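J.: Sharing the record's features from TrEMBL:
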| type | residues | note |
| --- | --- | --- |
| ACT_SITE | ASP320 | active site, proton acceptor |
| BINDING | GLU80, ARG130, THR174, ASN414, TRP415 | pyrroloquinoline quinone binding site |
| BINDING | GLU192, ASN269, ASP320 | Ca(2+) binding site |
| DISULFID | CYS124-CYS125 | disulfide bond |
| DOMAIN | 44-359 | domain 'Pyrrolo-quinoline quinone repeat' |
| DOMAIN | 465-545 | domain 'Pyrrolo-quinoline quinone repeat' |
| SIGNAL | 1-20 | signal peptide |
Amino acid sequence: MNRFITTVVAGLMLAGPGHAGVTEDDLKNDQSITTQIVTNGMGRHLQRYSPLDTLNKDNVKNLVPAWAFSLGGEKQRGQETQPLIYDGVMYITGSYSRVYAIDVQSGKELWQYDARLPEGILPCCDVINRGGAIYGDTFYFGTLDARIVALDLKTGDVKWRKKIADYKAGYSYTAAPLIVNGLVITGNSGGEFGIVGEVQARDAETGEMVWTRPVIEGHMGTLNGKESTMTGELNATWPGDMWKTGGGATWLGGSYDVETDTLVFGAGNPAPWNSHLRNAGTPVDGNAGDNLYAASRIGIDPTTGDIKWHYQTTPREGWDYDGVNEVVAYTDRSGNKRYATADRNGFFYVLNREDGEFVSATPFVKDITWAEGIDENGRPIYNEGNRPGNPAAAADGKKGEVTFSSPSFLGGKNWMPMAFSQNTGNFYVPSNEWGMDIWNEPITYKKGAAYLGAGFTIKPNYDDHIGSLKAIDPDTGDLKWEFKNDAPLWAGVMTTAGGLVFTGTPEGRFIAFDDETGEELWSFQTGSGIVGQPVTWEQDGEQYISIISGWGGAVPLWGGEVAKKVNYLNQGGLLWTFKLPKALAMAN
Ligand code: CA
């Protein structure tokens, strides 16, 4: 208890006049300091769990709007940001690489930054941004032309601006950057263009590169401007030169586990999608066609950029099951320190925190077709008949055998972050029940062109719902409750000590559920679809909640029959802030 009080007092002192801005301690203690939110994930463990319990199951019905903020303009595409809150100001990012600083009491804009984007940017999956980072008196965020920008927290003036990679080759940037020990750490986007996934660490003060770590085997990392170590072993799991354009985009960013001093990043699908081109001659012995470290979670040393461990969820991946989904650190009911991650491929994995070793995997969506399960070593038990066929084996050599595979390439779960509740010990997973017809085609790499070698059509698996918010016991994989939604879920989830689970729907409803029963306790219609990430904090003794509304993201662009089903939904760009007024906090 004493330690907790000390932490809070230290936090308050730092937030006082003349403070030096957000410190490493602020980042480390973000989950317990309830008056601010300075990390993506509401704490470095990415639990998205708030210890606030002012708002609870009894009084959530009294939650009312405090203010709303329009992102303005005609740039109303998918809004996926997670707000940050510091020193009375809320910071959000918007579509088309915009940033807004907003007075948290009044909802009044303090400053706005619009990145000037060049012609010819190549974002694969809408012009979204998922949020920024704060360190010292600087706000950091990435842009669709693959740059990282450092802005003055008070004015929005540019301090520095650096190129992550070449947007003309298909690179872009959409994730929230990560701050660790004075470094600003970023991944990259562009996995559908034959790019190479990488993690980069820069000096947060100057923007100078400290280290780089490509995540596809055969590529060299750098440290302080010199070559450091090779990623993996050249051609151990990739044939010929395919590794040079091997994909593995690190597009969802990463997290930092202070207890093991490890960065955890995910790598997307190997490129191209046509898996037969990446493991010619398969079946092969051992792991020769696995295409490391695509479709993997990777533990990285934050000082050197060296890889400490990896766990590949989908070896020789062939369905666009990116391995990027967030890895949440938690302690299980027996006191074991674990990671949990719900993969695009439909399985919910538990890994050991120390070394990333596989512990268990259970399906979190129905009707998985591509694998019978995951064996005791963590390797999929493939259903070989469900691998899309090799076009080279077709009579005309142009189209391989079509399979119906589930989940669809947009995944049992996509980018939208799940939450863990310290109340219940359960995870709350935003998932989707859908499949796809998928087939392979010949393809050759061309800079800046889509590098898929595949065609596809997404289809709902059920008539009455696609979206499914699931409460999952991580110790058993058991489903505790489920909320079904007509449209696919695409928003983040948040839990609170008040026993509440919050998320939003593409139909525009922002909903609070009972964390034990799944009963819907409150909802609010936000006017456009919700694909953003909720947060909660306290201000002058009152509990606030914010969520951005603004339909978009990958579903309307890539969703096949599903996109047609939801094409009536309106776009938007409105940040809603709610509060439980003091007078109503005690009322039932
Ligand atoms: Ca992908």
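Placement of Cβ uses the backbone N, Cα and C atoms for every residue, glycine included.
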J.: Do you know which of the recorded positions CYS124, THR174, ASP320 end up with C-beta under 6 Å from ligand 1?
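T.: The ones that qualify, in sequence order, are ASP320.
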J.: When the pLDDT values for the domain 'Pyrrolo-quinoline quinone repeat' (465-545) are averaged, what is the result?
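T.: It averages 98.
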J.: Just to be sure I understand, if DSSP states are collapsed into helix, strand and coil, how many residues of the domain 'Pyrrolo-quinoline quinone repeat' (465-545) fall in each?
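T.: Split by secondary structure, the domain 'Pyrrolo-quinoline quinone repeat' (465-545) comes out as 0 helix, 42 strand, 39 coil.
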J.: Could you give the Cα-Cα distance between TRP415 (pyrroloquinoline quinone binding site) and the residue listed as 'active site, proton acceptor', in whole Å?
T.: 13
J.: Between CYS124, CYS125, which of the disulfide-bonded residues has its C-beta surrounded by the fewest other C-beta atoms within 10 Å?
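T.: Minimum Cβ neighbour count within 10 Å, taken over the disulfide-bonded residues CYS124, CYS125, occurs at CYS124.
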J.: Give me the count of other Cβ atoms within 10 A of the Cβ belonging to THR174 (pyrroloquinoline quinone binding site).
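T.: The answer is 28 other Cβ atoms.
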J.: State the Cα to Cα distance, in Å, between GLU192 (Ca(2+) binding site) and CYS125 (disulfide bond), rounded to an integer.
T.: 10
J.: Note down the number of other Cβ atoms within 10 Å of the Cβ of ASN269 (Ca(2+) binding site), including every protein chain shown.
T.: 29
J.: Please give the maximum pairwise Cα distance, in Å and rounded to a whole number, for the pyrroloquinoline quinone-binding set GLU80, ARG130, THR174, ASN414, TRP415.
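T.: This binding site's residues have a maximal Cα-Cα distance of 14 Å.
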J.: At 10 angstroms around each C-beta, which of the recorded positions GLU80, GLU192, ASP320 has the fewest other C-beta atoms nearby?
T.: GLU192
